[in-house]
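Asks: Supplied in structure tokens, the structure appears directly below.
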Amino acid sequence: MAMVNTRKTYARPIAWGIVLVGAVLMLAPFFFTFVLATQPRDRIYQIPPPMWFGSNLLKNIHTLTDMIPYWHNLGMSFYVAVMTTVLALFFCSMAGYAFAMYEFRFKKALFTVVLGSMLLPPFLGLIPTFMLMNFIGWLDQPRALYLPAAAAAFGIFLMRQYISSAVPKELMEAARIDGCGEFRIYWSVVLPLIGPALGTLGLITFISSWNSFLQPLVIMHSPESFTVPVALRSMQSPTNTDWGAVMAGSAIAVLPLLILFALFSRRLIAGLTAGAVKG
Amino acid sequence: MESVLSPAASVQTRPRKKRIQAWKWAPYLFISPFLIIFCVFGIFPLLFSATLSFAQWDPAAGFGAIKWIHFDNYKFVLTDSWFWKSLGNTVYIAIASGLPQHLVAIPFAAFLSTVIRGRNAVLGAYFVPFITSSVAIALIFSSLFSKDFGAINAILMSLHNLPGIGIIFPDHKIDWLLDTSLVKPTVSFVVFWRYVGWNTVLYLAAMQTIPEDLYEAATLDGAGTFRKFWHITLPMIRPMMFFAVSLTLINNLQLFEEPFILLGDNGGIGQAGMTTAMYMYRTAFYFSDFGTACAISWVMFIVIAVLSYGNHKLFALAGGKEE
């Protein structure tokens, strides 16, 4: 943009300096996660603490898997995140398609309900959700985590926006003349056209499910069914935390997200801000 | 579903227009999975929570054991010193982490909007904290902030030993997580660290929609960088400021994970960092007082709603003055 000022040439290097120092501060905690994950226990407690990688990573992972069923937890996190993502993509694209392409009674009221549900603080539903799951015997069940998370209002909003701009209504009419049923139009005509939006929503859903803490904390009670964040938290002890093992676990938990971000940062950022800019 | 629209026999008899009509019930069926889940796992728990906030109940004793106590839970919450303390902590952390987020993100986004090369890399570095697990991150910070072996104290110590500028750094190790006066600033810093990149991205997105010719006209009129920022950029991003501040408000008032991991489940020494969300969690799952916990969550809902409304009024007022 045209805010570059040619008179004060010293201002830009200073600004760049501040921004780059900030960037280092932003990334430093990740760096230290990986540093501590590779250090033996006694080295972590030495002064000054280690500032570079050691060679104890495998041993720390061993300690980690001895202390908690970490591979189980990782599997649980993956299972819940994948199920949430698949169901959310299916449900949200169907509902978004209906809101974008059909005229029907109560459409406006129903869409208001969808948007309104985004305003409710998740905090409000925590206790009653726990009680409901307790009552229907779903405590410790992964479905208690992925089913509620699959009805994501934000996803419906995102899908509706994308479908109404990317899919022409004439296409549906053409499909109907060719004898397509309504579900068939959604499945074989619309879905293939909205790949980019599905990708974005899938990323956002997977990441938020992977990071989710409060819901699994109250719903998952046995160590085998913990998701990774809850499992990591269970290793924390007020007096005697094994930081090498905890950091190894944290590093493994953070790594898939860093990889996803490295691959898709642009799409992810665009998707997250889509609602903000248009709405 | 398909058979309803394409019965081969009726094709001949129906007029052409009729065939391209959508099946009437299709949109409702498409929305129904969302609606069913939303009613069962969204609306129903909320109604249940609202009901329960007027009762005393031990879930283990069955539904017969529900005892109606009218507004007693609310009376208890509103006269409970722990609740007020937790609300004070929450508001403190919300402001101490929220205000700097925006004060840093806006000029930073303005700077990035003038950058062409390397912008995405810089933005990425600031944005990564937002997408990573807050629990993993809080665990890392609780190691970094530890008094005796934490990297932060070690770095501050070595900076203190530098000649010249060393005196501006502390000469002793700081107990970030156990000194009651430092607990809230430390938690606020971690929350700030997590969200500053997200706000920058929001503001940058808003700044990219500002028409270029506004800046060109201002340059021709002799306006400097700061005047352009103050008179063009800031007014133009006001809607985004409202959106971003609202999000910060709503998220920060529900803050749980960072203090829970950094300070422990009781919020640290003297509950100096216990937020209302943590207090609600403890009331329900440590003290098994679900009725009171539900009342806390509804009081917090009202606090969030009132502050959001105040925020809306504030931005409307600021807008009126400028135009």
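The backbone N, Cα and C atoms fix where each Cβ goes, glycine too.
In case it's useful when we look at the structure, here is the feature table from TrEMBL:
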TRANSMEM  A:14-37  transmembrane segment
DOMAIN    A:74-264  domain 'ABC transmembrane type-1'
TRANSMEM  A:76-102  transmembrane segment
TRANSMEM  A:109-133  transmembrane segment
TRANSMEM  A:145-163  transmembrane segment
TRANSMEM  A:184-207  transmembrane segment
TRANSMEM  A:243-264  transmembrane segment
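Each of these features: where is it, how hidden is it, and who are its neighbours?
Replies: If one looks beyond the transmembrane segment (A:14-37) by at least 6 residues along the same chain, the residues whose Cβ comes under 8 Å of a Cβ in the stretch are 44, 50-54, 57, 60, 243-244, 247-248, 250-251, 254, 258.
Among residues of the same chain six or more beyond the transmembrane segment (A:109-133), those with a C-beta under 8 A of the stretch's C-beta atoms are 95, 99, 139, 141, 144, 148, 153-154, 156-157, 160, 214-215, 218-219.
Residues 81-82, 84-85, 88-89, 92-94, 97, 101, 149, 152, 154-155, 158-159, 162-163, 166-167, 171-172, 175-176, 257, 260, 264, 267-268, 270-272, 274 of the same chain sit 6 or more residues outside the transmembrane segment (A:184-207) yet have a Cβ under 8 Å from a Cβ within it.
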Asks: By Cβ distance under 8 Å, which residues at least 6 away from the ends of the transmembrane segment (A:76-102) in the same chain are close to it?
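Replies: For the transmembrane segment (A:76-102), the sequence-distant neighbours (Cβ-Cβ under 8 Å, at least 6 residues beyond its ends) are 110-111, 114, 142-143, 145-147, 149-152, 155-164, 167, 169, 172, 186, 190-191, 194, 197-198, 201-202, 205-206, 209-210, 216, 220, 224-229, 253.
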Asks: Under 8 Å between C-beta atoms and at least six residues away from its ends: which parts of the chain pack against the transmembrane segment (A:243-264)?
Replies: 30, 33-34, 36-37, 39-41, 44, 56-57, 59-61, 63-64, 67-68, 70, 74, 77, 199, 203, 206-207, 210-211, 228-229, 231-232, 235-236
